Structures are given as C-alpha cells and as structure tokens.
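In TrEMBL this protein carries:
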- 25: active site, proton donor (ACT_SITE)
- 86, 106, 140, 141, 142: substrate binding site (BINDING)
- 138: Mn(2+) binding site (BINDING)
- 159: active site, nucleophile (ACT_SITE)
Ligand code: PSU
Ligand code: MN
C-alpha cells in the first residue's frame, strides 16, 4: 500500500529541494490551547520556523489522509473543529480508516514525521508519567514513541502536572537520550529549572544534530528528547505555578478524569486558574523551541 500522505505545497517543494524541515504537532492546537489563540500561535510558530531558515510542517489526520503541512484554511478549520480525536499510536490507523479528524500528539506526530522522512520536530511539552502512576498506570505513549521512532523532539521539558523524576526514570529505562540545551538542570516547561539534573547537556544545535546522526549511524533506533529551557524573560517561577497545578490535580481527581482526558483537562484548568499568564509563556516557549529545532534541522541537512 502507498502511505496515505498529503504534502502541503510548501513542504513538497522543500522536500524536492532538500531544504531543512521542522515537524509541528496539532494536539497542542486542538487540545492544548483555547481558540483563537491556538490558531494564532500555530501561525506564529510556523513563521518562526521560516524566519530561522527551515520549512514548517504542521501535521494532522484529515479525511483519511496524513497531512504533512496544513493550508491556512485547514489550520483555521482544525482550530475550532469539534469532536477532533486526540491521536496517538494506538488510534492512528483507526482514525484514518474511519475518515475522522485527528490531531496528532507528540507520539503520533513522530510517527507521521518519520513516514515523511522529517527528522526534527518542535513542540511545547511532552506527555510523561502522571503523578500517582503507580496506581493509575497513566504513562504517556509519548515516552515509548521516543524509544522507538528516530525523530529528535524539541520541548521545554515536561510540566510539573507530571511526576518529573519518574518521567526521567522511564526515559532512561527506554533508552531515550534526554539532552538539555545550554544548562545542567532539566527544565520544567513554564520554569527554567525542575530542580533535577539533566542526564545530558549540549550547548549547540550542531552537537545535537551530530548526536542524532550518530544514533542513526549506529542503528540504535529511537529518537532524542531535547529539553530547551523557556527564555528567562517569559519564565514563571515554580512556586507561582504550584497552587494552580495542585488545584487542577485535585479537581481532576474529584471529577474522576481518566485516560486521554487527563492532560487536556489539566492544561485547560491551569490556563483558567492563571488567567492566561501560563498561555503567554506557553506560546513563547514553543516559539523558542521552533527556533532551536530549525537550527538542528539546518545542521542535519549540512553534509559532514
Ligand atoms: N503537554 C503539554 N502540552 C500539550 C501536551 C502535553 O504541556 O499540548 C499534549 C501533547 O500533544 C502530548 C499529549 O503529546 O498532550 C500527551 O497526552 P497524554 O498525556 O494523554 O499522553
Ligand atoms: Mn495518559
């Protein structure tokens, strides 16, 4: 079977010319931010990738096809569509076969990017091990995907709604390199530091590209997680986020939120509880990740 891939014209052109490409996810648009800020943010992130010398490819599943790059109209429609599936590895094929609209999580975006031979992907935060996972078993499929699919994912670390020490433990067990950019501490999304040391540190996009190429050359399989701390001017200190996080977690438990709904529920409650402050930081950190991802993609496309 031919893969059901559709390339946006800009991405098809970039592939034909061998230009660096950065994949972008769509769950952040449909389940991670409110409309219309989500669409504005998605456009701004695409523009940032272009300004940094690469071509953006926002990925989504539309009407039975894997879209690598969305047109203006597709992005706008996705931004306020209803009943959009939040697609991971488990429901990727079912979403396509049923011709449903699916937003791709980090895991699903990695799968699609790899099919399209795109090696670098920028997002905000990855899914991880949820607090209480020792009883709920709620561990994001993003972690296993990082272990099996050879895409370098640039994120701002993981949110403190998760159990960060357990998330790092699982990544280590799964053989995923966790590389923090430019500092020793693993970042915690809105905050530059989680208080946990990062397993690896690199200070240039070229080093990260070389590590990606080395993994490919060695046949190790799997991707890399690059943790890029939010720029300090947009940081929200951890102590300021803790009350909103605690309240969102308490509400999720009281309302028995489970499975795929957990992360979107927590994200949306935290946006409300911080009155949009967390959203502004969220947008800035994705822009910063887009710039770093573009630099890595450019370094990878340079011979030698
Ligand atoms: N974490 C964030 N922002 C997000 C997500 C996670 O800080 O938008 C989204 C991503 O698409 C991620 C998904 O892949 O949630 C993880 O969902 P789950 O925890 O259900 O695996
Ligand atoms: Mn989960």
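Each position is counted from 1, following the chain as shown.
The backbone N, Cα and C atoms fix where each Cβ goes, glycine too.
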Enumerate same-chain residues with a sequence separation of six or more from residue 140 (substrate binding site) and a Cβ-Cβ distance below 8 A; give 'none' if the list is empty.
105, 106, 107, 126, 127, 128, 129, 130, 263
Near ligand 2, meaning Cβ under 6 Å from any of its atoms: which of the binding-site residues 86, 138, 140 fit that description?
138, 140
Consider each pair of residues in 86, 106, 140, 141, 142, all listed by the record as binding substrate, and report the largest Cα separation in Å as a whole number.
13
Just checking: which of the binding-site residues 86, 138, 140, 142 have a C-beta under 6 Å from ligand 1?
140, 142
In three-state terms from DSSP, label residue 86 (substrate binding site) for me.
strand
Which are the residues of the chain, 86, 106, 140, 141, 142 excluded, whose CB is within 8 A of where the CB atoms of the substrate site average out, their centroid?
27, 88, 105, 107, 108, 126, 127, 143, 145, 263
For residue 141 (substrate binding site) and the residue listed as 'active site, proton donor', the CA-to-CA distance in whole Å is 15
Distance check, please: Cα of the residue listed as 'active site, nucleophile' against Cα of the residue listed as 'Mn(2+) binding site', rounded to an integer number of angstrom.
15
For residue 25 (active site, proton donor), what is the tally of other C-beta atoms lying within 10 angstroms of its C-beta?
29
